[in-house]
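Taken straight from Swiss-Prot:
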- His170, Cys189, Cys214, Cys217: Zn(2+) 1 binding site (BINDING)
- Cys193, Cys205, Cys207, Cys210: Zn(2+) 2 binding site (BINDING)
- 54-65: compositional bias 'Polar residues' (COMPBIAS)
- 54-98: region 'Disordered' (REGION)
- 145-172: region 'Disordered' (REGION)
Amino acid sequence: MDQFIKQDETGDLIETGMNVANHFLSAPIQGTNSLSKASIIPGVAPVLIGNPEQKNIQHPTASHQGSKSKGRGSGVRSITVPPPEAGNGGTQIPEPLFAQTGQGGIVTTVHQDPTIQPTGSYRSVELAKIGKERMINRFVEKPRTSTPVTEFKRGAGSGCSRPDNPRGGHRREWSLSWVQGEVRVFEWCNPICSPITAAARFHSCKCGNCPAKCDQCERDYGPP
């Protein structure tokens, strides 16, 4: 025999369902508790208790959010940038272009051609360009001493160690800058066994074969 729900019973079921919905909307929800028979108020229709574990509503608390963000942040590594040229050693030249003779180097000024006087907003740029060209040509015209280039042979010698320097020697270095409308050059000598660095530095001999002074840097230290 079929059972039919009367119209007034349908209204009662709808009203009961609305009461249950209002109850759960107004009651505080605990994240660790699930919907069970004990959480439903007495008097509601038994059909609404068919599957109490169907929905388990959980709201993350502040502690959960903190631990979640902390977990993501733990995978981020901080990048540490080493100081430039930290392992090159040597002594930094603080003011190479204002140094005086007798401190291990010589300061010279590359004089400009008096007939060439650029004007305008790019005057300093043009003067610096002219001074650089004249400085380069001045050094190119002078004879330079160079170390002999050995032929490369695969597997010969130790690949990681510095090549032997039985004779030793010095190399001339220059530091160029634009100072107060003039191109100034500071030049000095370093042992050929020392590294070549971007910053102006005094280096000491590492191989034990480089002389303390050479014919190029004798005048750098002033009169004897």
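Backbone N, Cα and C atoms are what each Cβ position is placed from, and that goes for glycine too.
Per Cα geometry, His170 is the residue among the binding-site residues His170, Cys214, Cys217 nearest to Cys193 (Zn(2+) 2 binding site). Cβ contacts within 10 Å of Cys210 (Zn(2+) 2 binding site), excluding its own Cβ and spanning all protein chains shown: 22.
The Zn(2+) 1 site, placed at the center of the C-beta atoms of His170, Cys189, Cys214, Cys217, has further neighbours from the same chain whose C-beta lies within 8 angstroms: Gly169, Arg171, Arg172, Trp188, Asn190, Pro211, Lys213, Asp215, Gln216, Glu218, Asp220. Distance from the CA of His170 (Zn(2+) 1 binding site) to the CA of Cys210 (Zn(2+) 2 binding site) is 7 Å.
Reported as a whole number, the C-alpha separation between Cys214 (Zn(2+) 1 binding site) and Cys207 (Zn(2+) 2 binding site) equals 16 Å. Geometry remark: Cys207 (Zn(2+) 2 binding site) versus His170 (Zn(2+) 1 binding site), CA distance 12 Å.
Of all the Cβ atoms in the protein chains shown, 18 others lie within 10 Å of the Cβ of Cys205 (Zn(2+) 2 binding site).
Cys189 (Zn(2+) 1 binding site): 23 other CB atoms within 10 A of its CB, across all protein chains. If you take the Cα of Cys217 (Zn(2+) 1 binding site) and the Cα of Cys205 (Zn(2+) 2 binding site), they are about 15 angstrom apart, rounded to a whole number. When the Cα atoms are compared, His170 (Zn(2+) 1 binding site) and Cys205 (Zn(2+) 2 binding site) turn out to be 9 Å apart.
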